[in-house]
Every structure is written in C-alpha cells, then in structure tokens.
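Among the features that Swiss-Prot reports, FAD binding site is placed at 4-33. What Swiss-Prot records for HIS473 is active site, proton acceptor.
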Amino acid sequence: MQFDYIIIGAGSAGNVLATRLTEDPNTSVLLLEAGGPDYRFDFRTQMPAALAFPLQGKRYNWAYETEPEPFMNNRRMECGRGKGLGGSSLINGMCYIRGNALDLDNWAQEPGLENWSYLDCLPYYRKAETRDVGENDYHGGDGPVSVTTSKPGVNPLFEAMIEAGVQAGYPRTDDLNGYQQEGFGPMDRTVTPQGRRASTARGYLDQAKSRPNLTIRTHAMTDHIIFDGKRAVGVEWLEGDSTIPTRATANKEVLLCAGAIASPQILQRSGVGNAELLAEFDIPLVHELPGVGENLQDHLEMYLQYECKEPVSLYPALQWWNQPKIGAEWLFGGTGVGASNHFEAGGFIRSREEFAWPNIQYHFLPVAINYNGSNAVKEHGFQCHVGSMRSPSRGHVRIKSRDPHQHPAILFNYMSHEQDWQEFRDAIRITREIMHQPALDQYRGREISPGVECQTDEQLDEFVRNHAETAFHPCGTCKMGYDEMSVVDGEGRVHGLEGLRVVDASIMPQIITGNLNATTIMIGEKIADMIRGQEALSRSTAGYFVANGMPVRAKK
C-alpha cells in the first residue's frame with residue numbers, strides 16, 4: 001500500500017490534517033486509528049451531559065495510570081486519553097477555551113517560533129470554528145467545529161457564580177476567548193446546534209470520509225515508523241488482535257498525531273529518542289533526541305463543593321427515574337439537560353500580582369460530583385473546579401517495552417515546586433472568598449469539601465495531596481523549538497530526520513492557560529497549510545487585553 005501521507009492518530013489534530021490534505025483530490029492519505037469508530041448511536045460519547053461515562057470504561061479511553069506520584073502521597077493517578085475516531089475530542093469535557101493570548105506570544109519569544117504569536121494563530125482558531133451567534137474579529141462563522149455559547153436563564157447558579165466573582169473584585173468578561181480572557185463569564189462549548197458533541201470526527205471527518213483519496217483504518221495500533229536512513233518512509237501497525245504487522249509506505253511524509261502520551265512512545269519504539277532508554281530495550285537508534293517524552297505537563301484541579309439550599313442544582317438529573325425523560329428530550333429534540341456539558345460559566349484570574357496573565361482557572365458546575373462521575377453528593381449541591389495553569393513541574397513518558405500494547409511509564413511530578421503549593425493554597429482561599437459573596441447567599445449551604453475545618457497551610461496541602469485530580473490536559477512531550485531538548489521545529493518537523501512531523505498537543509512548548517482541545521485543533525489547521533506549502537492566513541489585527549501590572553482585583 002502506498003500513500004502520499006500516512007497520519008497516525010485520528011484525534012483532534014489528525015482529523016484536521018486528514019480533512020485538509022484530502023481537499024486536493026490528487027493527494028492520497030492513510031489515516032490510522034488504534035481505537036474504533038465514533039458510534040453515533042452511543043449516547044456515552046454523543047450526549048454532552050454524559051461526558052463522565054467514556055472515562056469509566058475502556059472502549060473509548062486508554063485509561064493510562066501514572067507511576068506513583070511522589071508529591072501526591074504516592075498516588076497512581078488517572079491519565080485518560082481518547083481512543084477512537086475523534087481521539088480525546090470524543091471523550092473530553094467539550095469546553096471550548098483557547099488559552100490566553102500571552103501563552104502564544106510567550107511561545108513566539110522562542111527563536112524560530114516567531115510566527116506562533118497570538119495574532120498569527122487567531123486566524124486559524126477562526127478558520128476551525130462555527131460559533132452559534134455568528135462571526136466577529138475573534139470567532140469564525142463557517143468552520144468545521146460547532147461552538148455553542150451559554151444562554152441566559154439556563155440555571156440561576158451560573159449567573160450567581162459569575163456575579164460572586166465580580167463582587168469579590170475580579171473582572172467580568174463576556175467572552176473568555178475574545179478580547180479579554182481575564183475575569184468571570186460564560187463558557188463556550190463544542191456542541192452542535194442539535195445538542196450533539198462536536199468532536200473532530202463529526203466536524204472534520206464527516207466531510208472527508210467519503211473522499212476516494214482518504215483511507216481510514218480503525219483498530220490499527222501503530223507499532224513503529226519505518227525509516228530508510230534518516231527518512232521516514234512508512235508505518236507498520238497491528239490490526240485488531242492480529243500479531244502479524246501490516247505496513248504501508250508514505251511517498252511524502254509520515255504525520256504523527258497520536259497525542260502527548262502516545263506520540264513519544266511511537267517515536268521511542270521507532271528508534272528516535274534518548275539513546276540510553278532505547279538501548280535498554282535493544283531498539284536500534286535511528287536518531288538521538290533526548291527531549292522525546294520529556295517536558296510532560298498537565299493541569300491539576302480540585303473540587304470545592306457546597307450544599308445548595310435551593311432546589312436548583314442538577315441533582316435530580318442523577319436520579320434514574322428522571323433519566324428516560326432527559327434522554328428522550330435529547331435524542332428527539334437535541335434539547336434539555338442532556339444537550340449541555342453544564343460547564344457554562346467559569347473564569348481566569350491572577351492569584352498574585354507577580355503573574356503577568358491569569359494563572360488560575362475556574363469551571364463552575366451546578367451539581368456536586370467528581371468529573372469522572374464518581375462520588376456524587378446525595379443532595380442538591382454545586383462546585384468549583386479550580387487549579388493552576390502553568391505549573392513549573394515537569395514529567396516524562398517512557399516506554400516500558402517494545403510491545404505497542406504495553407502502557408508506558410508516565411510521571412507528571414505533580415506539585416514538585418513550591419510555586420505549585422502556593423498557587424493551590426491561594427486558589428482554595430480565594431475560592432472560599434468568592435463563594436461567600438452576597439450573590440450566592442440564597443444558595444450556599446455548608447462547605448462539603450474540603451470542609452471548614454481545613455484551614456492551615458498544612459491542612460490545605462494535605463487536601464491537595466489526597467484529592468487534587470488531573471484535568472486531562474497532558475502536553476509538551478515532543479516540544480517545538482530549537483534548544484537541545486526540543487523535538488520538532490516551528491513547522492512540526494522532527495529535528496535531524498526527513499519526512500516526519502509531529503502535529504498534536506505534544507508539540508506545545510509550554511502548557512496554555514485553559515483547556516487544550518481548541519488549541520490542538522488550531523495547531524492542526526496551521527501546520528496543514530505548512531505541509532501543503534500554502535501561504536499562511538493573514539495575521540489578525542484584533543486587539544487583546546494585557547494587564548500590564550494592573551491590580552489583580554478592584555478595591556472594595
């Protein structure tokens with residue numbers, strides 16, 4: 001089998017590349033996905049409110065676990081990643097958050113990455129998006145990804161939580177992806193007008209999969225990339241339960257889009273990475289790149305939970321006897337409780353003046369429950385998900401064997417810096433202050449978690465060690481740049497090799513301020529133009545907010 005391009009991973013970025021490259025009918029593409037199809041009849045992935053379900057099984061989730069995390073009481077922590085057409089966009093929380101403009105400007109400070117500034121990237125965010133209220137300088141109107149805005153009156157707790165943030169002295173913003181990210185406001189989500197999850201399988205692949213020049217193989221577990229000298233010339237993979245490899249050759253390029261956990265594993269199994277690690281497993285060295293699998297970053301978050309005195313939370317939706325009606329409303333009308341992820345309000349703040357742009361993110365949820373659907377509080381309640389955005393802690397992903405089915409050693413080194421502890425203590429104390437504003441007085445009951453007895457630095461630290469969880473935002477393991485630990489250049493091309501790029505969240509040099517999916521899609525759009533040799537979209541001239549030393553919050 002011969003193709004112009006072979007794409008490994010039909011996830012958030014891989015599906016973008018498959019769709020854009022096959023717009024040229026003379027370009028042939030093979031898209032390999034280790035998971036299965038995105039079954040449209042399966043409510044677990046298609047109903048926004050069911051977002052916890054895919055994380056509980058292994059049909060759509062790789063369900064990785066970390067090594068014991070040394071600063072988290074040696075807990076082995078979840079590291080869920082999407083498996084199937086759509087990748088993690090098939091199982092994520094559907095929060096459409098791009099990050100802060102200064103994240104990208106910060107990337108562009110690196111020599112060679114100058115064209116990754118916010119204004120260079122904004123046209124690609126817009127290209128990918130169709131926002132339900134129409135386009136403007138910041139948002140697109142005819143892209144493959146459906147973005148739904150929060151509407152007034154959905155739940156009084158959303159408005160009350162935003163108002164409480166403002167009463168605590170923080171800014172109000174009407175668009176967390178617009179002129180000003182900093183502040184509290186409504187959150188956009190990747191949901192279609194029909195109330196379905198807007199994964200990249202739905203948005204991108206639906207328009208491309210009927211093209212004769214696109215071949216899609218599911219249940220195809222990539223074993224390794226084939227090299228001729230320093231040039232990537234093909235891919236070998238295992239189909240289904242077969243132990244006999246299948247191979248295809250790429251006339252132009254192999255495009256690795258397997259995500260921040262799998263992309264470094266595939267490079268390592270293919271002989272690209274740290275020479276000592278590869279020697280341990282008798283893998284012939286193709287090219288030494290010590291940064292492969294290093295620089296692993298993530299967002300940690302905690303839940304601060306409160307009893308709700310008014311019967312306005314989503315608690316009744318958790319009762320089995322209410323679920324048939326909710327399911328029918330969603331299935332036949334695309335409306336009701338099932339049609340939202342219920343992350344419809346949130347915010348970004350600076351916890352201290354020393355941060356030039358927000359370092360703490362909030363998601364508000366009008367029910368008290370863990371993100372993966374466990375430990376639901378058996379009463380009306382609400383909660384804040386809160387966590388730091390740009391932790392200095394760094395970890396790694398390393399293969400444990402040559403077997404592609406064996407999970408790697410994953411270590412995030414969560415909370416390994418004093419800055420982490422300071423940010424989380426600040427986050428808990430600031431959140432309590434916000435939760436005690438007048439806007440929430442009629443709703444706020446007792447604090448369920450951490451509980452009012454948890455007050456000292458030592459008590460707060462112990463709560464974080466035992467209860468902080470991943471936000472499922474791993475990135476950085478094949479970082480873009482030109483220093484000795486970088487893996488790819490500013491166009492995603494792997495250093496020292498030919499015909500091989502990495503295009504996914506692993507190439508982010510530093511994690512962004514917010515959820516990763518929108519930016520991963522943007523990376524796919526931007527590099528698709530580079531691969532095709534097309535001129536980049538014209539730089540945006542939109543303005544954006546920079547705090548420039550402004551006070552963190554207004555004086556009362």
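Using N, Cα and C of the backbone, Cβ positions are placed for all residues, glycine too.
Predicted, not measured: the structure shown is a model, and the values here were computed from it.
The most densely surrounded of the binding-site residues ILE8, VAL16, LEU32, judged by C-beta neighbours within 10 angstroms, is VAL16. Cα spacing between SER28 (FAD binding site) and the residue listed as 'active site, proton acceptor': 32 Å, rounded to the nearest whole number. ILE8 (FAD binding site) sits 20 Å from HIS473 (active site, proton acceptor), taking the CA atoms of both as reference points. If you measure from the Cα atom of ASP4 (FAD binding site) to that of the residue listed as 'active site, proton acceptor', you get 31 Å. Note: the CA-CA distance between ARG20 (FAD binding site) and HIS473 (active site, proton acceptor) rounds to 25 Å. Distances between the Cα of HIS473 (active site, proton acceptor) and those of the binding-site residues SER12, VAL16, LEU32 are shortest for SER12. The Cβ of ASP24 has fewer other Cβ atoms within 10 Å than any other of the binding-site residues ASP4, ASP24. SER12 (FAD binding site) has a Cβ environment of 32 other Cβ atoms inside 10 Å.
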